[in-house]
Amino acid sequence: MPVITNIDDLKAIYRRRVPKMFYDYAEAGSWTEQTFRENSTDFDKIRLRQRVAVDMTNRSTVAEMAGERVAMPVALAPVGLLGMQHADGEIAAARAAERFGVPFTLSTMSICSIEDVAENTTKPFWFQLYTMTDADFVRRLMERARDAGCKTLVITLDLQMIGQRHKDLKNGLSAPPKPTLMGWLDLATRWSWGLGMLGTKRRAFGNIVGHVQGLDDPSRLYEWTAKQFDHSLDWKKVAKLIEMWDGKVILKGILDPEDARMAVKVGADAIVVSNHGGRQIDGALSSIRMLQPILDAVGGEIEVHLDGGIRSGQDVLKALAMGADGTYIGRAYVYGLGANGEQGVISALEVIHKELDTNIALCGRRKVSELDRDVLLIPEDFEGRWQ
Ligand SMILES: Cc1cc2nc3c(=O)[nH]c(=O)nc-3n(C[C@H](O)[C@H](O)[C@H](O)COP(=O)(O)O)c2cc1C
């Protein structure tokens, strides 16, 4: 592996190693991709205050997220199909998170099953739930997660319907990949990816295949899941799900202060300010722009986390200094996973940790808990005036 100094280095290797279909799946937003782009570019508008002659010894990035001690407040976000980015990708990412000391969130739409990941790790991971029309299936998923030792449930609320990502339609995305001529040509040039895939049996949606009746053909899974997402999900149903779970519940996909208040009302332990990495609604404001209004609405009653657009430790620093209690990375660790499996995810976490730790110090602080708005320079019109 060449020397990795930043997340873009991992992205370049990832792009060479992984079939185009799966690179495109990750590196896309919905429709015009405006929200996807602005999630990242809005971080650049915030600047840091350089402070000097402050004792920088005894620094620490240790914090808590949802009652768990973490090496830094950066969790791995739930990402579907990790096992297509790298053989057994969910296991590799979960192991990396465990080694580093940050939470790993397993997606409902994972390739490795809940049980697979539990068998190959030693610490509890977080489980992300999509709500489906089949209430019985949802209940069984929650039971399986509980039996596998999961204590924290992340319920994703911003995907009742799928936002269109043009490239997935054009590439005919499927898991496992369907054998088209172009597809085979592309796969043939990604031999290390292909060898890994030949060496594993885990190539379809592990949480679903074998647990749902009448679904024997894995290539029909996309169709099935598109039909299965619960269009009728409302706050009453969310409250019921929270009641059913004996542990912490994090509601993911909150981008509006009124929804944040509802999350407090139904008893969530935390929320994730998120627009699904710009993959769902297109044209909404970025997560970092919506953070302050949501923090104001929540008023410290529950934890507020953020994801979307984080590609560096400086981005993490900005979110924390603005008031977030924790952050998540999605694509930043997918790049690492595709580039070099478990070790690649460790590389991504190391890059972000080093950037976070050093820049906290250069802001004149020693701990994440010492970060506040005073270290930030935020343009007066950052949140914008909208009516
Ligand atoms: C390829 C991909 C797949 C994703 N799959 C899921 C998923 O299964 N469940 C979910 O709640 N969020 C999913 N997300 C959204 C992430 O959890 C997270 O919100 C997003 O990646 C954050 O933005 P970032 O990638 O810019 O860090 C996915 C994101 C990507 C990029």
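For all residues, glycine too, the Cβ spot is worked out from N, Cα and C.
Checking the candidates ARG139, ARG140, ARG165 against TrEMBL: the one annotated together with TYR25, HIS276, ARG279 at the glyoxylate site is ARG165. Checking the binding-site residues THR156, ARG165, GLY330 for a CB within less than 6 Å of any atom of ligand 1 leaves THR156, GLY330, listed in sequence order. Checking each of the binding-site residues TYR25, ARG165, HIS276, ARG279 against GLN128 (FMN binding site) by C-alpha distance, the shortest gap belongs to HIS276.
THR156 (FMN binding site) has HIS276 nearby among the binding-site residues TYR25, ARG165, HIS276, counting only those with a Cα within 10 angstroms of its own Cα. The DSSP secondary structure for THR156 (FMN binding site) is strand.
Cβ contacts within 10 Å of GLY80 (FMN binding site), excluding its own Cβ and spanning all protein chains shown: 20. Same-chain residues with CB within 8 A of the center of the TYR25, ARG165, HIS276, ARG279 CB atoms, the glyoxylate site residues themselves not counted, are ALA26, ALA28, GLY29, SER30, GLY163, ASP168, GLY277, GLY278, GLN280.
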